Amino acid sequence: MSYQAILPAAGQGKRMGAGKNKLLLEIGNVPVFIHTLRVFENDPECTGVFLAINPQDEEEMRVLLKKHQITKVAAMVEGGKERQHSVYNAAKAASGVEVVLVHDAARPFITRDLLQPLEKAAREKGAAVLAVPLKDTVKKADGNLITETLERSCLWAVQTPQAFRVSSLLEAHRKAEEDSFLGTDDASLVERLGKEVVIVEGSYDNIKLTTPEDIYFAEAIIKKRSNK
Ligand code: CTP
Ligand code: MG
């Protein structure tokens, strides 16, 4: 079933320390955000992409979209101070579909096969996220003193895309704004309204490029895929 994609791309990439938006860095000779956009470009179910951007990147991004023949960007919307604000701005622009997928432009290794089950789960349940079982043991601490070891078998590392009925996503963002609540992902805004969010198992390759080491992992994933 068809959906629209909301791609927050308006960050500054401070932790990457590249001196510019990390999404403009190239891996395998292609800018990070173009890798991400290609997945949606090639998914026939995706009917439009809403890109939240920083106005200072607009010109460069427009040139790259043209160069790489990305045609599905329906609008470039000005991002906000935090990711949450960027998503909300772009979500308001989506229209005419029941379900939207919110996906970090900084996760270029998402694959098309994961989009359909996620979209389906959101259509049925209202909200769904991709996640992978946690590999590390997680402990809580007070300062440097451990207070609790969490039961790993029920812990998930949550990724994007996160899929929502548009009405649920907009309501959750509106309420969060009203309450001055800032979450680290979109699902948490829906969860705090007491609504169900379903987990769909994702892939360990679907990393978010955050710090410089992630570029090495990214190059390795590109190499693995090009050998297939
Ligand atoms: N993002 C956004 N608007 C913001 C902040 C982030 O659209 N105000 C986007 C980023 O461009 C990225 C995604 O949200 O695609 C995830 O954010 P993150 O990995 O934190 O990227 P940055 O905020 O750019 O990096 P940093 O936090 O290190 O500055
Ligand atoms: Mg950030």
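Even glycines carry a Cβ here, placed using N, Cα and C.
DSSP gives Arg15 (site 'Transition state stabilizer') a helix state. Look at TrEMBL and you will find Arg15 (among others) tagged as site 'Transition state stabilizer'.
Close to Lys22 (site 'Transition state stabilizer') in the fold, though at least 6 residues off in sequence, lie Gly11, Gly13, Met16, Val32, Ala106, Leu209, each with a CB less than 8 Å from its CB. According to TrEMBL, the feature site 'Transition state stabilizer' maps to Lys22 (among others).
Residue density at Arg152 (site 'Positions MEP for the nucleophilic attack'): 12 other Cβ atoms are found within 10 A of its Cβ, drawing on all protein chains shown. In the three-state DSSP assignment, the secondary structure recorded for Arg152 (site 'Positions MEP for the nucleophilic attack') is helix. The site 'Positions MEP for the nucleophilic attack' annotation in TrEMBL covers Arg152 (among others).
Its own atom aside, the Cβ of Lys208 (site 'Positions MEP for the nucleophilic attack') has 14 Cβ atoms within 10 angstroms in the protein chains shown. According to TrEMBL, the feature site 'Positions MEP for the nucleophilic attack' maps to Lys208 (among others).
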Length of the line joining the Cα atoms of Arg152 (site 'Positions MEP for the nucleophilic attack') and Lys208 (site 'Positions MEP for the nucleophilic attack'), in Å:
22
For Arg15 (site 'Transition state stabilizer'), what residues in its own chain, 6 or more apart in sequence, show a Cβ-Cβ distance under 8 Å?
Thr210, Thr211
